Amino acid sequence: MKALTTEQIRSVIARGKLKDSIFQAVGIFCLVVGLLVILLLVGDMLLRGIDRLSLDFFTNFASRRAAQSGILSAWVGTILVMFVTALAAVPLGVAAGIYLEEYARRNWVTEIIEINITNLAAVPSIVYGLLSLGIFVYAFGFGQSILSAGLTLALLILPIVIVSTREAIRAIPAMIREGSMAVGATRWQTCRYHIIPYAMPGILTGVIIGLARAIGETAPIITIGALTFIAFLPPVPFSTTGEGTAGLFDWVMSPFTVMPIQIFNWTSRPDPAFEVNAAAAGFVLMAMVLSMNALAIWLRYRLRKNIKW
Amino acid sequence: MQQIENKEVPPLKAEARSLNFFYSEVQALKNINMPIYDKKVTALIGPSGCGKSTFLRSFNRMHDLYPGNRYEGEIRFFPDNTNLLSPEVDPIEVRMRVGMVFQKPNPFPKTIFENVAYGLRVRGEKNRRVLDDKVEHALKGAAIWNEVKDRLQDLAPNLSGGQQQRLCIARALATDPELLLFDEPTSALDPIATGAIEELVHELKQRVTILIVTHNMQQAARVSDYTAYMYLGEMIEFGKTDDIFIKPQDKRTEDYITGRLS
């Protein structure tokens, strides 16, 4: 083949660069569309709800009068449910992920388990609600409580936690594992001193992303029967209630509501004044999700700083 | 395999007897018989894929970490005449007696101190004084103490490549192994760092038996007392390093050493 002349080389480059610029423009357009939609949504909610965003809104229970209605029981309920969810999903999911990566032999049984975990992530959330209604609420007798809701959402995010644990573990180079085993460590010592600490940034990111998904779930919580109107808080441990002193874990059995249900409730009211409440609560929920994601990013950054190979 | 007659044969540290090794169905080592002499450096040379790393990694049962691998034959370990490959012998017990340094320096993303102390912690050592002493001793043994003594709490991955490799040697030395395996320890290092490691290997043989895989024939000639040439999973020739390099008995060894086969 004859070598190209300088002219020809330049025209080849020019054609290539044109495609570069076209793709760049398309890419920027797509990015802007995505970002704008979210910004519009959040901005719209903020504008419509800003009048209600005061301290009172956070410290008042829901009320028949829109102007005095607040989200106290909803945000407290959401935080408590998330706490139970994290407490249940993290140990289960992390242990399952470690087992699958570090201990389980590769055979058809683990193959089936793996496929099932992936499928679990795709199960519609209402199905988890139905399952929990049968198991947690009735069979175990947990009732329509924070405990039932927390465990339901824990099941929902379990696949996310397992998958992110496994991916974080897979990112650890084999030579680190071999280095540990070569001095005579057992599998557990290798997990305890190396695999778990080095996988922790990835695991935490997965956990928080899972929780951010759970925080917005409405369907399964309605299914297990969360109340839509609730004017009391779960008992604080060791506080005095009408029935004597509350125990350390009494709050987990308390009825509750959560943010999405409160929003759903308000949007279904005929009085348009409640729509303002719904917008304000929606903005608060968005803020909660965004700050959880921010926390995930910050934690990942902090923990990864000292891990390199 | 041809063995060169020696007048004084040093005591044995280990001996491979009819060793075969399989990665699933693929046979990587074929009927290897070879002595490892006590407190000597034995080099394994041969072209890529000849099985020298596979052979090396049999000595600390590294292959047990992955499914489908299979050994046949024995590696006898002395003075107690244990068969390292026996299913009754726990691979962890083997690794507690046989240390290893890898091709690419693989310090843990922890402090320099914790890297060296790790083997001791794994053995249940909690006494701070003992840990301090042994870490210092190991770092001195690996000729890196002077460079790191003032920053034992720094992160090990911030060291240079050559320092990282010496740290890995210290990590292996800290638990007083009887046999130390080196898997091409200098292939990721510059010539100066390589020189330091070679010098270290030379000093270490006072304390420990060494088996080293190397791609670099000059390195084998410089550091080892005995050399084995492997080709396609077979042990072609074993003997004193001087003999192997000056008057190889086998045509294939000669071809490799003189650069006609690589």
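Quick reminder: no glycine exception, Cβ is built from N, Cα and C everywhere.
Annotations in TrEMBL come from automatic prediction, not curation.
Remember, predicted model here, so these are calculated numbers, not experimental data.
According to TrEMBL, the feature domain 'ABC transmembrane type-1' maps to A:75-296.
Here TrEMBL flags A:21-42 (among others) as transmembrane segment.
Taken from TrEMBL, the feature transmembrane segment covers A:74-100 (among others).
Annotation source TrEMBL lists transmembrane segment at A:120-140 (among others).
Same-chain residues lying 6+ beyond the ends of the transmembrane segment (A:146-165) with a Cβ under 8 Å from its Cβ atoms: 77, 80-90, 92-94, 96-98, 100-101, 117-118, 120-121, 125, 128-129, 131-132, 136-137, 199, 202-203, 205-207, 209-211, 213-214, 217, 220-221, 224, 226, 234, 251-254, 256, 258. Residues or ranges marked as transmembrane segment in TrEMBL: A:146-165 (among others).
The feature transmembrane segment is assigned by TrEMBL to A:195-212 (among others). Among residues of the same chain six or more beyond the transmembrane segment (A:195-212), those with a C-beta under 8 A of the stretch's C-beta atoms are 82, 85-86, 89-90, 93-94, 97-98, 101-102, 157, 160-161, 163-165, 167-169, 171-172, 176-177, 289, 292-293, 295-297, 299-300, 303-304, 307.
The feature transmembrane segment is assigned by TrEMBL to A:218-236 (among others). Away from its own ends, the transmembrane segment (A:218-236) comes close to residues 61-62, 72-73, 76-77, 80-81, 124-126, 128-130, 132-133, 136-137, 144, 146, 148-149, 152-153, 156, 246, 250-252, 254-258, 260-262, 264-265 of its chain (Cβ-Cβ under 8 Å, at least six residues beyond either end).
Per TrEMBL, transmembrane segment is recorded for A:248-266 (among others).
Remote same-chain partners of the transmembrane segment (A:278-299), defined as residues 6 or more beyond its termini with a Cβ less than 8 Å from a stretch Cβ, comprise 42, 44-46, 48-53, 57-58, 71, 74-75, 78, 201, 204-205, 208-209, 211-212, 215-216, 259-260, 262-263, 266-267. Residues or ranges marked as transmembrane segment by TrEMBL: A:278-299 (among others).
For the transmembrane segment (A:74-100), the partner stretch with the most Cβ pairs below 8 Å, chosen from A:21-42, A:120-140, A:248-266, is A:248-266. Listed by sequence, the residues of this chain that lie at least six past the ends of the transmembrane segment (A:248-266) yet keep a Cβ under 8 A from its Cβ atoms are 62, 69, 71, 73-75, 77-78, 80-81, 84, 142-147, 149-150, 215-218, 221-222, 226-230, 234-238, 274-275, 277-278, 281-282, 284-285, 288.
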